[in-house]
Amino acid sequence: MSFSVTLPDGSKKDFDKAVSVKELASSIATSLGKAAVGAKINGEMKPLDYVVDEDVEAAIITDKDEEGLNILRATAAFLLEAIAKRKYPELRLGMHEADEGGFFVDTDKEDQIKITELPELEKEMQKAIKNGEKIEYTSMKKSELEDIFKDDQFKLDLLKDEKDEVAVYKLGDFVDFGFEALLPNTGKIKNFKLLSVAGAYWLGKSSNPMLQRIFGTAFFKKAALDEDLKRRAEIKERDHRTIGRDLDLFFVDPKVGAGLPYWMPKGATIRRVVERYIVDKEVADGYEHVYTPVLMNVDAYKTSGHWAHYRDDMFPPMDMGDGEMLELRPMNCPSHIQIYKHHIRSYRELPIRIAELGMMHRYEKSGALSGLQRVREMTLNDGHTFVALDQIREEFAKVLKLIMDVYKDFDITDYYFRLSYRDPKNTDKYYANDEMWEKSQSMLKAAMDDLGLDYVEAEGEAAFYGPKLDIQTKTALGNDETMSTIQLDFMLPERFGLTYVGQDGEEHRPVMIHRGIVGTMERFIAYLTEIYKGAFPTWLAPVQAEIIPVNEEAHGAYADKVREELAKRGFRAEVDHRNEKLGYKIRESQTQKVPYTLVLGDDEMNANGVNVRRYGTEEQISKSLDDFIAEIDADVKSYSREK
């Protein structure tokens, strides 16, 4: 027997007998053998015990590699499965996964595992880690595994996709499959943490049973684990779902509709302020705001191309019984096209700018839904401008300036520009017109170059009908998210037969510019909630001033008078008339992150004044009511976020 192993640098190692991945790594360098945790053999992940006995390409994976971390986390998931099965013999196991975020294991148990039980599971896992229990890598016939798991429908479902020979791992009597590569023993899983539990439908389908998903993470070094746990704590503190619950901004009840948020009065106030701001900004910039129906004949979406390219993200059409099929709109473009088409248009009218806070519906699977960020019903800050060919660059610059002005008011500074093109290797998902794509992509690029702005280019990120400029922001949780878009569209004007009468008296085809300034209200307010950590700047805060009388009987009426004076001037204030201690009320006002807390006692009432405490400070300052009104008025007009 003789064979060669080709390494990543192109060099080869020759062998005259079979070698394990561990032995292969050691033959390259002793230090590599010690650091190795697995290998990629012909592109597939394999464990250290995997035997090589033929010509292959091999890349050794160490604990410094991202793939190495995934191997560690997969091993932690496997150990969690084994320990959970020892502790709860009746438990059934579903899917498992390890990636850059950590790992998870799906379980099915009549009495669900409580989050308070995770420390006990961790303790049992630590015992196995301390003992360095051996994890055996082998293979078994698919039929053998079907016999072992004959009473476990979850495992039988997973086995359907396996080949006749299945790689399996054993820890004592425990056996499982579906792992690419695991460590040969439990000894290296020292730095891990079980994080949380949540529900997950089997195979991601809402028609299947709901299982319990246990999340965890693991690192080779304790310092890395500590840093990750610190980051997760910060994320939890900023999570808009947590803040939304604590501040009573919104809720979602799966019993009445997953992905359909209910806006509570405070959350609705924030949304209303943002919507009014956006509408005023757009009207001042030359947009005409409209209202259009959320239902549309399905034929419009066949004409637009949504039916062919976007159907999987649309709800099923409604048969009205008379041949009419109505569809909940997934996008507003066809609606604004109808506004344009309602009149004969002249070149003198161009650009025609149409905007709407348009409600849309998109078919999202339940597993993808998340708070306000991924919902099934959303309101998009949408706009479409119809221009002549020679107006594109000027209008593009105008839209971009509007976006930058809005970013300045919300203090959005962490962003970059991305030109999103179609994927030339997968053109089936895009409108088929090579000339149009080349023309629109080059025009978009030229417009950015004219403005002297830096940008990255990304293939495969375009809309199906045209390229776009995406403005990518970093959320408070560190995720990359598209906040704003500007898209050039030559396709829809052609498909809907849009025209305008030119200076020559002939009909011409307009170009359509799609643009979204802040995306959907739902996602934007989720973004703001996390960026501000719930401490909204005064102009956005649902309650701008909390008024607390020291003694209800003595000062309650004066507190109401102060609220009325503030309300007359357009400020949002509440009076806390509850029969609670003063200190408790002040603390709760701070917990609710109200910008101003006004405490009113004898001195304040006699002087027609207020005692003011800003959120996040201990300092209390007495001043006249007029002075406070001037202060809060200047604060609201500043449109600035507290640094």
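Quick reminder: no glycine exception, Cβ is built from N, Cα and C everywhere.
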Exercise. Among His240, His384, His577, which residue does Swiss-Prot annotate as binding Zn(2+) together with Cys333, His514?
Worked result: His384
Exercise. Any idea what DSSP makes of His384 (Zn(2+) binding site), helix, strand or coil?
Worked result: strand
Seminar exercise, completed: Excluding its own, the Cβ atoms lying within 10 Å of the Cβ of His384 (Zn(2+) binding site) add up to 24
For this session: Inside 10 Å of the Cβ of Cys333 (Zn(2+) binding site), count up the other Cβ atoms and send me the figure.
Result: 23
Problem set entry | Other C-beta atoms that fall within 10 angstroms of the C-beta of His514 (Zn(2+) binding site) | 23
Problem set entry | Composition by DSSP (helix, strand, coil) of residues within the domain 'TGS' (1-62) | 14 helix, 28 strand, 20 coil
Seminar exercise, completed: Same-chain, non-site residues whose Cβ lies within 8 A of the Cys333, His384, His514 Cβ center for Zn(2+) are Met331, Asn332, His336, Ile337, Asp382, Gly383, Gln487, Asp489, Leu492, Met512, Ile513, Arg515
